[in-house]
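Pulled these from Swiss-Prot:
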{"type": "DOMAIN", "residues": "64-229", "note": "domain 'Helicase ATP-binding'"}
{"type": "BINDING", "residues": "Gly77, Glu78, Thr79, Gly80, Cys81, Gly82, Lys83, Ser84", "note": "ATP binding site"}
{"type": "MOTIF", "residues": "176-179", "note": "motif 'DEAH box'"}
{"type": "DOMAIN", "residues": "261-438", "note": "domain 'Helicase C-terminal'"}
Amino acid sequence: MAAPVGPVKFWRPGTEGPGVSISEERQSLAENSGTTVVYNPYAALSIEQQRQKLPVFKLRNHILYLIENYQTVVIVGETGCGKSTQIPQYLAEAGWTAEGRVVGVTQPRRVAAVTVAGRVAEERGAVLGHEVGYCIRFDDCTDQLATRIKFLTDGMLVREMMVDPLLTKYSVIMLDEAHERTLYTDIAIGLLKKIQKKRGDLRLIVASATLDADKFRDFFNQNETSDPARDTCVILTVEGRTFPVDIFYLQSPVPDYIKSTVETVVKIHQTEGDGDVLAFLTGQEEVETVVSMLIEQARALARTGMKRHLRVLPMYAGLPSFEQMKVFERVSRSVRKVIVATNVAETSITISGIVYVIDCGFVKLRAYNPRTAIECLVVVPVSQASANQRAGRGGRSRSGKCYRLYTEEAFDKLPQSTVPEMQRSNLAPVILQLKALGIDNVLRFHFMSPPPAQSMVQALELLYALGGLDKDCRLTEPLGMRIAEFPLNPMFAKMLLESGNFGCSQEILSIAAMMQIQNIFVVPPNQKSHAIRVHRKFAVEEGDHLTMLNIYEAFIKHNKDSKWCQEHFLNYKGLVRAATVREQLKKLLVKFQVPRKSSEGDPDLVLRCIVSGFFANAARFHSTGAYRTIRDDHELHIHPASVLYAEKPPRWVIYNEVIQTSKYYMRDVTAIESAWLLELAPHFYQQGTHLSLKAKRAKVQDP
């Protein structure tokens, strides 16, 4: 088919490209800490009428029949078919929550667990937290006696198994959005298969928005004969309301999909009929860039006398809910809506009125390189499954068109599906959880997609260095078990547990809590320089960790005042959440009898404590003007958002995480003394042969 925009070349992720920015989300990606809205197009109808309008309603009795007769049911249904909100209610109505039993529904994202729980509670006329509740990290909104439908993240389900390995209170577990194949979805999948062998009465529903159902069926089906009548797993497809979508490819690649997205929107607006536009990009920064460019284009078109106007709206998980709701608002016939979104709009929400889809062909994923032991966010080409999901967004209300900003040949070379997180993540938290659940031989654990052996070895080495595993790779007592109990990266857990010994548990609690929050700084586009000047008042020469401590302490000193946050361009909701997280972490420190101590303003105590947890993330300034990791000599740079950026580079630093755009950038960076690494982590920098040991020691010792 004809190409919608002109010929140019693709840029490769990892090279300098105008479509990529260094101001990116935290490792968690914005979905986990943002707000997701639940849009209801049938709000004018009664609750019962609304429920009956959903495609899944026609299959209610059939779904209940299959759950009664099969241990596992794989349900394939597009976003908006009602599977997430209705199936748990069908189960409750059919008696699966009688006699104190619970239906559990997992979500890969915290915000989805909260918002879907809220919608189900509303439909049932219940108070959220009573019959219907949710449980996410640092926030348990359930009643142990009353809750019968429980929404929770897959990570929290795995944590529940540490207390109740057979999940005895649950009659049914529904793994929702299983196609996302997150780290903890995959662990839950493997563990639930083990539980099913011991609990024949436990029913499992695997809900997916993509056609990967065969993989799930093959994994869970315990029928070892050739007789299909003995299958324990079955697939059911919920037909949605879809229309054909014409696909348009480029004739030759483009170098800048940001610019091409804008050009394609303008071309659609000038040449195509009615219908709204949905454009997919990789992150918040790109979305905001395209929105501002399109607003300029819309003004220019209005000046030419064009009667139909453009209403340009952003959509990403970190956007406040009232801003997200704007994408669902109806507009007059003289206005065309253009929604510029991240992949949150791929399967998480359904927006009516979309006829035209623009797919940039890329997505931002977390990726771990076991050779360098660096985990970072990286922009990579989408999978064919994701590209098809994106295209399908244009065929919900009538036939649509999808403009792919890449060639058909490029599409044919895309991977069929996204690589599961299990095969591209740092596995230290996974191994720790499995060990805590009594699975000693993690290499033989039944993973749906086995992780690379090198990643497993790296994770075991880090956990041994942290003191969480002994030389036989068994969980240590009490340190290993305690690290496993923290709902945090093992490095954070070790830092917190050591804080009493360093005499700074009060400060470390605040720092750890602040590091879990995304986007503490607010930078309005029209007040950028002023906001940055105000932010500098909190900065200290030691780096980002103590700067975050300063901000938190100032917030508490000013009685958590929202007006004070506004005046200082700080994220009020984020700081309130940091205070909540801190309280939860404090309870764990009390449980483990970590002394309540303050450093009384001595920064070295705090910095040494941080090194005790994050020694593996150390880098040294090199004569080339960049930093180098100590163990494998990998090049890193200080992120422009760091208070250390544009200052005289410290010789030695530690960092929380790395993101990759045009370079590898360290985020949350703090200056340290090299001697602290040898003092606090000799076991990490003294492994291997005598020769390599000498080389490592030489690297860490200042000349």
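Just so it is clear, glycine is given a Cβ too, placed from its N, Cα and C backbone atoms.
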Give the helix, strand or coil assignment DSSP yields for Cys81 (ATP binding site).
coil
Gly80 (ATP binding site) has how many other Cβ neighbours within 10 Å of its own Cβ?
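Taking all protein chains shown, Gly80 (ATP binding site) has 21 Cβ neighbours within 10 Å.
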Grab the pLDDT values for the domain 'Helicase C-terminal' (261-438) and give me their mean, rounded.
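For the domain 'Helicase C-terminal' (261-438), the model's average pLDDT rounds to 89.
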Using a 10 Å radius around its CB, how many other CB atoms surround Lys83 (ATP binding site)?
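Looking across every protein chain shown, the total is 27.
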Could you check the binding-site residues Thr79, Ser84 and say which one's CB has the most other CB atoms within 10 Å?
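Highest number of other Cβ atoms within 10 Å: Ser84.
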Can you name every residue in this chain, apart from Gly77, Glu78, Thr79, Gly80, Cys81, Gly82, Lys83, Ser84, with its Cβ inside 8 Å of the center of the Cβ atoms of the recorded ATP site?
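Close Cβ neighbours, site residues excluded: Leu54, Pro55, Val56, Ala209, Val238, Gly240.
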Report the DSSP secondary-structure composition of the motif 'DEAH box' (176-179) as helix, strand and coil residue counts.
2 helix, 0 strand, 2 coil
Would you mind listing, in sequence order, the residues at least six apart from Gly82 (ATP binding site) in the same chain with a Cβ closer than 8 Å to its Cβ?
Arg51, Leu54, Pro55, Val56, Phe57, Val238
Within 10 Å of the Cβ of Gly77 (ATP binding site), how many other Cβ atoms are there?
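Cβ-Cβ neighbours of Gly77 (ATP binding site) within 10 Å number 22.
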Starting from the Cβ of Cys81 (ATP binding site), draw a 10 Å sphere and report how many other Cβ atoms land inside it.
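Excluding its own Cβ, the number within 10 Å is 23.
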